[in-house]
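Comments concern the structure below.
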Amino acid sequence: MTKFKLLLAGSLVAIVSMGLLASNINEREKERVALNKTAHSQGIEGKAMSEEWARYYPRQFDSWKKTKESDNITDMLKEKPALVVAWAGYPFSKDYNAPRGHYYALQDNINTLRTGAPVDGKTGPLPSACWTCKSPDVPRIIEQDGELEYFTGKWAKYGDEIVNTIGCYNCHDDKSAELKSKVPYLDRGLSAAGFKTFAESTHQEKRSLVCAQCHVEYYFKKTEWKDDKGVDKTAMVVTLPWSKGISTEQMEAYYDEINFADWTHGISKTPMLKAQHPDWELYKTGIHGQKGVSCADCHMPYTQEGAVKYSDHKVGNPLDNMDKSCMNCHRESEQKLKDIVKQKFERKEFLQDIAFDNIGKAHLETGKAMELGATDAELKEIRTHIRHAQWRADMAIAGHGSFFHAPEEVLRLLASGNEEAQKARIKLVKVLAKYGAIDYVAPDFETKEKAQKLAKVDMEAFIAEKLKFKQTLEQEWKKQAIAKGRLNPESLKGVDEKSSYYDKTKK
């Protein structure tokens, strides 16, 4: 009898356990189906607002919100004062920070001193193109107004429309959630370079190409056009300089051939190039790019929640999530891998400091030669060396992760940039000697303050103008966007606490 009772009890436990397991499996299957359920066939209303995607993709949305955790402001001009001299006469000499989480991308664009202090939609220093990589409202407006109209006018033109930070609609189709390129210039660039278009690419390739919508080198191409009313307009169209190839020297040759310059240097009067964020181009030269590892494999690794597998949308440093990002392929310890990365970074830092020290001194020595009477003809070759030196060195550092993505290429570019700067300085010795200044020593630029004084950057004035803008026009933009249903006010929480010139978290 006792044996029977034990057998019966055991059977009941097994039956209940199987029932619970079956129930759990069914619940997980429901979760999986719900997670993979696509949006409404007509698309998501309010598609530029990532909050509207949360009902279909709650896990992805919740993980995306965690990009808010990457909130540190690192003032790169304070860390590397030589950059101020390198960018004299250009907005980057005022303000340049290391990137934060995508949660802050749009607000950081609004806050930076580079975008100026417009008083209405027709004023300010920069074109509307400067919103392009910051918001899912950009593809919405391109669809709404047309590409050329979007690229026409000032940055402030769309201040009350471009109000949502980088999110779902930048990379996904709102009807199917499939990866999709949202900016026409990417396919034009890929075709010019001889690559497959986005649509022709494999899914694995698309997991990097959606990043290449923004993490690439580009310039603003002046484009004349007529609107529907026959009015002549000028658009500043984002263009990828890839028709000769995607290497640094091939892009350099492209720019030289069309005599393009982003600006004329404030000290040396050199026609300069500013590298943007060429992460994709440099990644393609590195071992991960060559082996077909995608950006998302490391920066958005797959994660498991019950029966559900999904891509972690907390885009960030893979070293913060090594068990999912690195250890699927690597067999070394986490600490050993971190030590390798640290070594790569230190080598980059060493060569960067040498290269930009020589570049800064070349600018200052050229400025001195001009002051003494040197002619443009005497300085032509010198300025070409400076232009190429800074372009190559800037390409090495403008993508903050390039030291890891392509360490050999980064060191090569910094060495090449340093060599070009030294060529300029050797020729400058002769020019300075001719004008009686053979003993000239360039002033030091060891701090941000010293460098900005040399670059004639009036920080107090720029900050005062910006703070006034933030108290006036920026507030109007947000009020209008909320009133018109373009912006969820919840998305503003904690987004504007810090910049390089204020910190509201400190009493």
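Using the three backbone atoms N, Cα and C, a Cβ is placed for every residue, glycine included.
For 1-22, the entry in Swiss-Prot reads signal peptide.
Summarising the annotation, Swiss-Prot assigns heme c 3 binding site to His102, Cys211, Cys214, His215 and lists a large-scale study or a structure entry as the type of evidence. Look at His215 (heme c 3 binding site): DSSP puts it in coil. The Cβ of His215 (heme c 3 binding site) lies under 8 Å from the Cβ of His277, Pro278, Asp279, Trp280, Cys295, Gly399, each of which sits 6+ residues away along the same chain.
Annotated heme c 1 binding site per Swiss-Prot: Cys130, Cys133, Lys134, in sequence order. Within 10 Å of the C-beta atom of Lys134 (heme c 1 binding site) sit 22 other C-beta atoms, taking all shown protein chains into account.
Same-chain residues at least 6 positions away in sequence with a Cβ under 8 Å from that of Cys171 (heme c 2 binding site) are, in sequence order, Leu179, Lys180, Lys182, Val210, Gln213. Feature annotation from Swiss-Prot assigns heme c 2 binding site to Cys168, Cys171, His172, His313.
The number of other CB atoms found within 10 A of the CB of Glu217 (Ca(2+) binding site), across every protein chain shown, is 26. Feature annotation from Swiss-Prot assigns Ca(2+) binding site to Glu217, Tyr218, Lys274, Gln276; the stated evidence is a large-scale study or a structure entry.
Under the heading substrate binding site, Swiss-Prot lists Tyr218, His277. Of all Cβ atoms in the protein chains displayed, 22 besides its own lie within 10 Å of the Cβ of Tyr218 (Ca(2+) binding site).
Annotated heme c 5 binding site per Swiss-Prot: His288, Cys326, Cys329, His330, in sequence order, evidence recorded as a large-scale study or a structure entry. Around His288 (heme c 5 binding site), the C-beta neighbours below 8 angstroms that are at least 6 residues distant in the chain are Cys298, His405.
The heme c 4 binding site feature in Swiss-Prot is assigned to Cys295, Cys298, His299, His405.
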Remaining residues near the recorded heme c 2 site, that is with C-beta within 8 Å of the centroid of the site residues Cys168, Cys171, His172, His313: Ser50, Trp53, Gln60, Trp64, Gly167, Tyr169, Asn170, Ala177
Rounded inter-Cα distance in Å - Lys274 (Ca(2+) binding site), His172 (heme c 2 binding site): 30
Neighbours of Cys133 (heme c 1 binding site) among the binding-site residues His172, Cys214, Gln276 (Cα to Cα, within 10 Å): Cys214
Nearest recorded site to His102 (heme c 3 binding site) by CA-CA distance, among binding-site residues Cys130, His299, Cys326, Cys329: His299
Fewest-neighbour residue among binding-site residues, criterion Cβ within 10 Å, set His172, Lys274: Lys274
